[in-house]
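Lifted from Swiss-Prot, the feature list:
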- Asp147: active site, proton donor/acceptor (ACT_SITE)
- Asn9, Glu384: Mg(2+) binding site (BINDING)
- Lys16, His207, Ile208, Gly209, Asn210, Gly211, Asp282, Leu283, Arg284, Gly330, Val331, Gly332, Glu333, Asn334: ATP binding site (BINDING)
- Arg90: substrate binding site (BINDING)
- His179: site 'Transition state stabilizer' (SITE)
- Arg240: site 'Transition state stabilizer' (SITE)
Amino acid sequence: MSKLILAINAGSSSLKFQLIEMPEEKIVTKGLIERIGLKDSVFTIEVNGDKIKETNDIADHEEAVNIMLDSFKKHGVIDSIYDINGTGHRVVHGGELFPESVYITDEVEKQIESLSELAPLHNPANLMGIRAFRKLLPEIPHVAVFDTSFHQTMPEKSFLYSLPYQYYKDYGIRKYGFHGTSHKYVSQRAADILGKPIEELRLISCHIGNGASIAAIDGGESVDTSMGFTPLAGVTMGTRSGNIDPALIPFIMEKTGKNAEEVLNTLNKESGLLGISGTSSDLRDIQGEAEEGKDRAQLALDVFASRIHKYIGSYATRMHGVDVIVFTAGVGENSDVVRAKVLEGLEFMGVYWDAKKNESIHGEEAFINYPHSPVKVIVIPTNEEVMIARDVINFGDLK
């Protein structure tokens, strides 16, 4: 029997939602509420292929949820709120407390709140959504799905920093990794496409958007990933620096007069593609400028691809080989230029990719390797909402 599952991603001033029919994984409706707490909040919903946009003053997340539920009934999506069988909430940071998705109770709420120091921009916002939904839909099961959970299978040798061990024990300082829901989805989808048990696959997942992370997935489990204690670590991103020498922070402070918080802001919001190019954090803009012969745009593109390229080599070594490379998220799914730069020169490890096929693939699921290639290369559009809905369904005791 089909179940209706709500997949929710709550930000500090936004609420993204999808209502999904499971197990068919059919999107019934989806939408976004923006500018919550501000004047002229925008509510957008897609029903039967039509996009409907309304402007309201929405004071808080509770009011946003009420408007969303009323809209479902108004547009005939549901007859009653009790048609919804369960709700899955994206939560950015689960720390070591949550190695998997969990039913939300008052105690779980407190634990999520206790992890806010690890994700001060995200966990409090995620909690606002959780509390609003639990208040308005108290009879419906609510499940927290954590970005970090998928990476909790990493062994200590992968997640531990070479710092005094007591820092890990006392303060939880370690690599956590992010984009776990996306990496989990595409790894499972790759196994389905190949018709092979995921337990037999060594897979490198490249989630490349404005934020980007690479994951080594061995037998369906994350064994390493590029992001670290925060999403700042790893590869070059739209505005984030990725890995740098930590000694640069006091050096930059001394040279610029900035304090630590200001330097951290620079690393998070003024670096990456934006910092190198000096013009944009959007890969599409960078590619356009590079085609026009602008040297710094070309340099930004080269650095961006080079960092991903290095992680692929590193993770192939980590798993003693690789069977599948997956490209996903906005850039990974749509930029044949970035994919080509990342894959260039990987023939030595069994990656034979078809340049013409690669150029033709934008935002669709497809192989871009030659048939004889030992390593398969697949573009897979991510679907974190479906992965969230699957986790809710997997609890198995929905009404």
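Every residue, even glycine, has its Cβ placed from backbone N, Cα and C.
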(message) With every protein chain in view, what's the tally of Cβ atoms within 10 Å of the Cβ of Asn9 (Mg(2+) binding site), excluding that atom itself?
(response) 22
(message) I need the least crowded one of these recorded positions (Asp147, Asp282, Glu333, Glu384), counting other C-beta atoms within 10 angstroms of each C-beta.
(response) Asp282
(request) Return one of helix, strand or coil for Asn9 (Mg(2+) binding site), based on DSSP. (result) strand
(request) Rank the binding-site residues Ile208, Val331 by the number of other Cβ atoms within 10 Å of each Cβ and report the first-ranked residue. (result) Ile208
(message) Taking every protein chain in this structure into account, which of the recorded positions Lys16, Arg90, His179, Arg240 has the most other Cβ atoms within 10 Å of its Cβ?
(response) His179
(request) Tell me the Cβ contacts of Asn210 (ATP binding site) under 8 Å, same chain only and six or more apart in sequence, or just say none. (result) Met237, Gly238, Thr239, Ser281, Asp282, Gly330
(message) Validating a neighbour-count step here. Other CB atoms within 10 A of the CB of Arg284 (ATP binding site): how many?
(response) 13
(message) Quick check for the class: what is the C-alpha distance, in angstrom and rounded, between Asn9 (Mg(2+) binding site) and Glu333 (ATP binding site)?
(response) 21
